[in-house]
Amino acid sequence: MSTGFFGDIQKVRYEGPESDNPLAFRHYNADEIVLGKRMEDHLRFAVAYWHSFAWEGGDPFGGRPFDRPWFSNEIDAAKLKADVAFEFFSLLGAPYYCFHDADVRPEGRNFAENTRYLNEIVDIFEKKQAETGMKLLWGTANLFSNRRYMAGAATNPDPDVFAFAAATVKTCIDATKRLGGENYVLWGGREGYETLLNTDLSRELDHMGRFLSLVVEYKHKIGFKGTILIEPKPQEPTKHQYDYDVATVYGFLKRYGLENEVKVNIEQGHAILAGHSFEHELALARTLGIFGSIDMNRNDYQSGWDTDQFPNNVPEMALAYYQVLLAGGFTTGGTNFDAKLRRQSLDPQDLLIGHIGGMDCCARGLKAAARMLEDGALSKPLDERYAGWNGEFGKRLLSGLSLDQIAGEVEAKDINPQPKSGRQEYLENIVNRYV
């Protein structure tokens, strides 16, 4: 049943590259086979409940520009929001969605009321999933917006806040499991510090390790089969976050013995804030064995903060999905559009248009990445660059020879290597040919 919010807009269809219909896909064809698998199954698109239906469009200099009929802290408004959200999911045709608890329920007076509201909405989501075929990619708890979390959740100096946050996560994991969620995400927006003058760094890291260990322990206790994911971000809102980037998260997981239990959910915008490319973070996660999922968006490269725009750079998407394919593709993860409309994009159809453009951009990137992989366009030059390590001397360097033996061979054989071209321009031109 239509809520009327989207007017007479019909379900988005694939119309091909020649279409000029802004409410149709030009490149995303869910059933198209890429590397032996349906495009939908490669990309596993998800809609973010928070940016699409809970965000009011505000910024530090102005209040909310969006006027949505569900913008109130009442359970009936939350139910209307659910109706509109699932209508949107059906129109768009993305197979998954994601949410924070605070996105979907009113803010209650206490923990018990929050839990009651969440369970009431989960009852509704269960029915709507059964009716529409929608699936939950991941759930999470909002441990950063309420003023109780000003100094963090897991890293808060007040043990009562730690306990409240832990209890909240427990209810959110329960909700995620009930809804068949394939992952559970932790993003530490307030897990960090503003100044070291009032921060016990060692204690806070240990508390964060304890918190994550409790999450993993509870996952196994209740038989939740999904993946636990950490989402790295270097700053904003906190001056310095403890889950700064993929490398930092991996070091943290290793320190607390969780590297085999937890993977990463990598957001493009957060990679940029950390001074990395999206491709770098994906490649490193793949190399370290902790690649899990993607939050897809982009930042404005001039602004210096997290702008959460829909992706529109095909070469970036091609290199990103090339790393995803090298990792073997998604298992429980997917491509969640952690992207929001611009403040002046007021019309309901703008929400569809933003997602359509993002899905088309990702589809083009995936197809280019698949062709590069099939043709060996990047792997063959890479193999040639490192070919010396496959020879007898290269293998002995990596296992068997001591430092003094290496020195002896260098002198005896008069080894005097000369540099070889890295061929960067050639490789960049190859990528441009595919996109």
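Cβ coordinates are placed from backbone N, Cα and C, and glycine is handled just like the others.
Listed in Swiss-Prot:
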type: ACT_SITE; residues: HIS100; note: active site
type: ACT_SITE; residues: ASP103; note: active site
type: BINDING; residues: GLU231, GLU267, ASP295, ASP338; note: Mg(2+) 1 binding site
type: BINDING; residues: GLU267, HIS270, ASP306, ASP308; note: Mg(2+) 2 binding site
Cβ atoms near ASP103 (active site) (within 10 Å, other residues, all chains): 23
Recorded positions near ASP338 (Mg(2+) 1 binding site) (Cα-Cα within 10 Å), from HIS100, ASP103, ASP308: ASP308
Sorted by sequence, non-GLU231, GLU267, ASP295, ASP338 residues with Cβ within 8 Å of centre, Mg(2+) 1: TRP187, LYS233, ASN265, ILE266, GLN268, GLY269, HIS270, ILE294, MET296, ASN297, ASN336
Other CB atoms within 10 A, centred on GLU231 (Mg(2+) 1 binding site): 22
In three-state DSSP terms, the structure that HIS270 (Mg(2+) 2 binding site) belongs to: helix
Listed recorded positions (HIS100, HIS270), ranked by Cβ neighbours within 10 Å, top entry: HIS270
Those residues of the chain, 6+ apart, with a Cβ under 8 Å from that of ASP295 (Mg(2+) 1 binding site): ALA48, GLU231, ASN265, ILE266, GLU267, GLN268, GLY269, HIS270, ASN336, ASP338
Chain-mates of GLU267, HIS270, ASP306, ASP308 with C-beta within 8 Å of site centroid, Mg(2+) 2: LYS233, GLN268, GLY269, ILE272, LEU273, ASP295, ASN297, ASN299, ASP338
Integer Cα-Cα distance in angstrom, ASP308 (Mg(2+) 2 binding site) to HIS100 (active site): 17
ASP103 (active site) versus ASP306 (Mg(2+) 2 binding site) - Cα distance in angstrom: 19
Cβ neighbour count within 10 Å of GLU267 (Mg(2+) 1 binding site): 27
Reduced DSSP assignment, ASP306 (Mg(2+) 2 binding site): coil
Where ASP338 (Mg(2+) 1 binding site) sits in the secondary structure, as DSSP reduces it to three classes: coil
ASP306, ASP308, ASP338 as binding-site residues, winner by CB count within 10 A: ASP338
Secondary structure of ASP103 (active site) (DSSP, helix/strand/coil): helix
